[in-house]
Amino acid sequence: MTTVSHRRPRGGGALAGLAPTALLLIGAIYCLFPVLWVLIAATKSPAELFSTSTLAFGTGFFDNVADLFAYRDGVFWLWAGNTLIYAGGGALLSTAVSAVSGYALAKYRFPGRNLIFNLLIGGILVPAVVLAIPQYLLFSKIGLADSYWAVLLPQILHPYSIYLARIYAAAAIPDSLLEAGRIDGAGEWRLMSRVAMPLMVPGMVTIFLFQFVAIWNNFLLPFIMLGDDGKFPLTVGLFTLLQSGANQPSLYNLILTGAFLSLVPLIALFLTMQRYWRTDLSSGAVK
Amino acid sequence: MKRSAPYLFLTPAIVLFTLFLAVPIGYTVYLAMLRTKVSGLGLGKGSRREVFVGFDNFAAALADAELWNGWLRVLGYGTLVLVVMLGLALLFALLLDSARVRLAQISRIAIFLPYAVPGVAATLLWGFLYLPSLSPIREILDIDFLGATTVTYSMANVAVWGGVGFNMLVLYTTLRAIPRDLYEAARLDGASEFQIALRVKIPILTPAIILTTVFSIIATIQVFTEPTTLRPLTNTISSTWSPLMKVYRDAFVTGDLYSAAATSIVIAAISLVLSFGFLRVVRNRAFGEG
């Protein structure tokens, strides 16, 4: 018996695929266009920005980057470093907490399991706004508002990551392996750290990526928590740059170059880690 | 050991939950029921104190015309964003999954790319694209994107651009998990690609569509980044354009924490009601229960 090819279902041939392909390409162009435009705009010198065609590359990219380096003693690079600390450190901690919690919820039967799971997951329904203001006030009381901790700590617990980790642990860790370990006399801590966690690594990469992007993109929390612009992440820094430069076309080059540079790391991470960007971890393996 | 192990493993999450979720929620509710009472001339120590006012702040928030205008603006904006963003996400997911499309991989990556762009940067890019002096769009179309009425559409465009890729990915991942034999069976029965999409794929996708809709409702009600970032570029967005912007202003500009706390609880309550209301309506429709 011959198998029917998926590529060419019945009739139509190449032409039939034209309309769907065209629609998808229009979507792709719509999504790429602003990113390409800011790449072009970032290459223009201040004079070229307003004189040359909006879609022609300029000659001022390196001058713009140098200007951005020089802007207020290099505060832009401080923002970039801060973002890396918040997103990298926060996502690392978040992944660890989520993986261990997900493992416990997936592989143990214990009183209160459903209650704890529902409470943790219910957090997803709580709008950030209800939390950000009291978090700020509480951090103020212990003198930690306007500190790195104020941005890092509230973003560690992430309900959706715990949910993903539980699904992944259930699918990726065979019960028989844990039982075998127990028969061999391994303690629960050892089973978790030596057996379960290594099996969960592919799922943890996915959780890390989603959490990294979520923290990188967060604006409200650092905007509320931080007053000292030396602690700003890129999002809040770019906002203040825009705020001070919106009425000064001479600053547009800096703003556009800053916006472009702030996109590069995430887009690079995104393109190199393609196979880990998944929202469904239930198959237990990342293909 | 085996009995206590899961609790031990869950301790970090439970501690974080308590400190950064339960306590702040409790504190907001507490604040929302207080008000500063000024006695005498309001000078000197002890003349200002916090008094318990029960639900007065909630009543004030519900009667606040400025806030209602914010709700109406967000309702218009949010409906637009939800319908267009999720509609496009569904369309793209179905197109990607259909056998006939070419360049699918490149298109998928391109459409998901804006997910990697922070809301502030996305608003900034589009904001400059809306400005007449720099924009290739304005060279072709003579529309004032930042006018009093157009600004809502312009802002919705930013949210759609940023959100369509993630929602497409959720739906597409769900579609890929469906056994291909199902489509073969439908094809052998004479169903066209379009019929398969409509009669087989969309029903299977329904739970994922519901999930993305609920998450999108919650996110849209809290719109803050886009209007706040766009404000420096236009004077058509007030400092209380969205309810969350009003909360921010009350808490950090005018210093009225109690109103801010009450309003933020109202926002949370409305998003819960809308989410559950949506789930209920959908369940009744889908399963024909009363």
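Positions of Cβ are set from backbone N, Cα and C atoms, glycine also.
A TrEMBL annotation is a machine prediction, not a hand-curated record.
Residues or ranges marked as domain 'ABC transmembrane type-1' by TrEMBL: B:71-278.
Taken from TrEMBL, the feature transmembrane segment covers B:7-33 (among others).
Annotated transmembrane segment per TrEMBL: B:74-97 (among others), in sequence order. For the transmembrane segment (B:74-97), the residues of the chain that approach it from at least six positions outside its boundaries are 104, 107-108, 111, 152-153, 155-156, 159-160, 163-165, 167-168, 170-172, 175-176, 197, 201-202, 205, 209, 212-213, 216-217, 220-221, 223, 242-243, judged by C-beta separation under 8 angstroms.
Positions annotated as transmembrane segment by TrEMBL: B:109-131 (among others).
Residues annotated as transmembrane segment in TrEMBL: B:151-172 (among others).
What TrEMBL records for B:204-224 (among others) is transmembrane segment.
Positions annotated as transmembrane segment by TrEMBL: B:257-279 (among others).
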Segment-segment contact (the transmembrane segment (B:109-131); the transmembrane segment (B:151-172)) at 3 or more Cβ pairs under 8 Å: yes
Contact between the transmembrane segment (B:151-172) and the transmembrane segment (B:204-224) (at least 3 Cβ pairs under 8 Å, separation 6+): yes
Sequence-remote partners of the transmembrane segment (B:204-224) [C-beta within less than 8 Å, at least six residues beyond its ends]: 74, 77-78, 81-82, 85-86, 89-90, 93, 159, 163, 167, 170-171, 174-175, 178, 242-245, 248, 267, 270-271, 274-275, 278-279, 282, 286
